[in-house]
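The following features are taken from TrEMBL:
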type	residues	note
DOMAIN	198-300	domain 'FAD-binding FR-type'
DOMAIN	419-505	domain '2Fe-2S ferredoxin-type'
TRANSMEM	6-31	transmembrane segment
TRANSMEM	52-70	transmembrane segment
TRANSMEM	96-117	transmembrane segment
TRANSMEM	129-148	transmembrane segment
TRANSMEM	154-177	transmembrane segment
TRANSMEM	305-324	transmembrane segment
Amino acid sequence: MNDPHFWWYVSRASAIVAWSLLTATVLWGVLLSTRVLRAADNPAWLKDLHRYLSGTAIVMTLVHVGSLLLDPYLRAQAGFGVIEAFVPFASEFKPLPLALGIVALYLMAGIGLSSLAMHRIPLRVWKGLHYLSYVVVALVAFHAAFAGSDTGTWWYIMVSTALIVATTLAVVVRQIVGSVAAQRQRAAARARQMPQRSERSRMIVAERVPLAEGVVGLRLVPEVGGLVPVWTPGSHLTLHLANGLERQYSLCGDPADRRSFDIAVHLSERSAGGSRYIHESLRAGEVVEIGPPHNRFELEPATDYLFIAGGIGITALTSMFASLPASRHWSLVYLGRSRRTMPFVDLLESRYPGRVRVHATDERGGRYPAAAEAALSRAQVYACGPAGLLDELTAAVPSERLHLERFVPADRTAGIVAQPVHVRMPGLGSFRVPADRSILEVLEDAGAPVTGSCRKGICGTCELRVLDGMPLHLDSVTADTEKDAAGVMYPCVSRALSPQLSLDV
Ligand code: FES
């Protein structure tokens, strides 16, 4: 500390570390958004690493600014103080390079804050702010090139060249892969206008194993070989069964393992033919058609998770634990009638010791106070299970902490008398939907490019954009606030609060 150059060394070291971390943050952000390494990466730890890197980059930038303020030479010779450190062009010492650094600091802070508030601001705003990261890196490069007193040294030139080349490569990869992804999205949108058959792919039942009493596990591999499409924790698959029925099943296991799709099917006592067909007729070696994975139960970034599964509801959650980093704080409450009927119970207890609490009624008796525990915790609660359990959680846990997936629709029609609705669809015309028919049925009859799967308001397949009017949400796909924020509705069960709705695919 007595060395007169001490704070100069600290400022240079922290500047280089901050710049390196910033570059690494951008690289990781590109990996995350493009998934170019999707065969090997894992979105959850990429997301974590991206956040740690960006957080540490901001801290190191503040260390850099602090060390400049503490440098006695800068104070005495250049009159460098708080105003000069935080107000652009306030310093007479290299005003433009310093101003660029100060603007970069504010942008970094804005991007960091927008990420903390990601769930409270529109996705478009968050994305737009995130794109400013490239501007920050460019500003930092100019700031570093012209503000530092050691910019001519060989090591500085080497480090800065490496950082600038890495960032440029990241931008190029983002552009190339981003446009490929946009093309794919357009192609997928076009495909949605065609008969749904074109979206199907053929899978072979590679394995069929009993997982618990009344639950069979299926491992599906592509008939043509290769890897299965990318999927994220919480996704489900639609199986198009040979008996003409369609059924959705949650994908189990680790999304990073793309050799197969694994699902678990519970034989429903009230089976209308779907689970019964799978249990009694679908054998290993047979082919089954599937739709692409869809996710309406996404795992959002959080510091602490409480997972609650009731019986077969565990299948919607296993991919979430598998994708979380080992250091992440989470626990699982797994409820069931008996261990015999609870798939994965032993596996989960042995794989995640100390995190899994099993309550099998035939062992412990009584009811586990899951809703009370979830209400008292500060964790994000992810739950899937019978309607009674999910209704209790809905009543006890604030909606911003609660994420549900239902396999039985909530009864939302109590006290509601269906009214006729007028629906307009651009390019197709206007239709009157009588009280005894669903909006989906009428639109399908009119040739609208929309299809349903569950037709009970749980799978999300029939999603439409609301252009005008007020929908009356009666589905159980996501929270009503989420649907309103996204401007969508599910016409298989939902109706309208306004006399007319204008909808689009
Ligand atoms: S068809 Fe499943 S939500 Fe509408």
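Backbone N, Cα and C atoms are what each Cβ position is placed from, and that goes for glycine too.
Remember, TrEMBL labels are computer predictions, not curated facts.
Remember, it's a predicted structure, so these values are computed and weren't measured experimentally.
Residues 22, 51, 54-55, 57-58, 61, 65, 84-89, 125-126, 129-130, 132-133, 135-136, 139-140, 142-143, 145-147 of the same chain lie 6 or more positions beyond the ends of the transmembrane segment (96-117) yet place their CB under 8 Å from a CB of it. Remark: the transmembrane segment (154-177) contacts the transmembrane segment (6-31), by the rule of 3 or more CB pairs under 8 A. The stretch from 6-31, 52-70, 305-324 that makes the most Cβ contacts under 8 Å with the transmembrane segment (129-148) is 6-31. Mean pLDDT for the domain '2Fe-2S ferredoxin-type' (419-505) in the predicted structure: 90. Packing against the transmembrane segment (305-324) from elsewhere in the chain are residues 42-44, 215, 232-236, 249-256, 263-264, 266, 297, 299, 330-337, 341-344, 348, 352, 355, 370, 373-374, 377, 379-386, 389, 393, 405, 407: each is 6 or more residues past its ends and has a CB under 8 Å from a CB in it.
With DSSP classes pooled into helix, strand and coil, the tally for the domain '2Fe-2S ferredoxin-type' (419-505) is 14 helix, 26 strand, 47 coil.
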